[in-house]
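Straight from TrEMBL, the features:
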TRANSMEM  31-51  transmembrane segment
TRANSMEM  71-93  transmembrane segment
TRANSMEM  99-118  transmembrane segment
TRANSMEM  127-145  transmembrane segment
TRANSMEM  165-183  transmembrane segment
TRANSMEM  190-209  transmembrane segment
TRANSMEM  229-249  transmembrane segment
TRANSMEM  261-281  transmembrane segment
TRANSMEM  287-310  transmembrane segment
Amino acid sequence: MANSSSSFAASRMTTALAHQAEIMENPLRSYLLGIIISICGNILISISLNIQKYAHVRQSQRGSKPYYTSVIWWCGVVLMGIGELGNFAAYGFAPASLIAPLGCVSVIASAVISVVFLKETVRPSDIVGGTLAITGTYVLVTFAPHTSTHITAHLVQYFAISWHFLLYILIEVIIFCILLYLYKRRNVKHIVIVMLLVALLASVTVISVKAVSGMITESIKGQLQLIYPIFYVMLVVMVASCAFQIKFLNQAMKMFDATEVVPINFVFFTASAIVAGIVFYQEFEGLALLNIFMFLFGCLLSFIGVFLIARNRPKIKQQDRNFIAMDRIPGRRHTDKVQPEAKTPTYGSLAAKLMCNRAGQTDDS
């Protein structure tokens, strides 16, 4: 009896040490590769957003075919897919707490491209916000945890049954149910309520995306992970959480302005991704207090920068070609009472809306 107990304890200790060895391994090349892939992916996404915005504006000016028949629009969609694929792959090489804040690169690049190619006006807040976001990105990359964990099926299972994650997911479920009750039953349509629902789903999305991406990466390297049930469990969780996240995000975009939704979503999504990385993947384990403080300070600078860039974006108004004023209808006299003009559609916030739809994903990936 004593021998069996001691052998069981030794087995548990061996497993824990093996997991610890996987966590503490630090290949710098993989870490830098994840950062580069994420930055390139976000730049491609920003290019795709502006291409789609250009296609929408051009279609509205010509008033001919629907936007989805445009070759330019589909080029933007393809570029966005490639960018999202890059973000998905980046989670397999670098910590989730680092990849999520790098989403501010997409906001910065989109602002630059819209000024250069779409001839939008440069505001002082854009310059200040871009400077803060770039500075924050540099700081958080410098002081982020530099460990690169090999995500295997056994490691994901080990993390999934840890007591701190089970407590975390229990608290998250309780908070989600309370917020959903307020939103659906009590009809509390506050932006913070909706964006918190998105953020809670985003934390589950980040955990599952990193697990799926990491196991695929290890399988490509030669250690097949796709034969384990936990891979398909995480795949289902990833798809389901992404779907509901996009649903609530679209509802937020209908109820509130994009200039409010974009910065709040970025802040909440990034915060939830960092917490998920800390709790599930233990990414801050062994990190110095100064590094933690500077990392959070870099995130704060990025948050402020994104807020300054996204707030009060100018809207481009286009005349609806299907609208004919009452005093211009053939056969009507000018003495007739003129009906008030209908509101014309606006397209200025389209890039922000598209950006918001992908920011919670590890939006549509």
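Glycine is treated like the rest: Cβ placed from N, Cα and C.
TrEMBL entries are annotated by machine, without manual review.
Note on the transmembrane segment (99-118): residues 34-35, 38-39, 42-43, 45-47, 49-50, 53-54, 57, 87, 90-91, 126, 129-130, 133-134, 136-137, 140-141, 206, 262, 266, 269-270, 273-274, 277, 298-299, 302, 305-306, 309-310, 351, 355, 358-359, 362 of its chain, located 6 or more positions outside it, place their CB under 8 angstroms from a CB of the stretch. Put simply, of 127-145, 165-183, 190-209, 229-249, 287-310, the stretch with the most CB pairs closer than 8 A to the transmembrane segment (261-281) is 190-209. Ranked by Cβ pairs under 8 Å to the transmembrane segment (287-310), the stretches 127-145, 165-183, 229-249 are led by 127-145.
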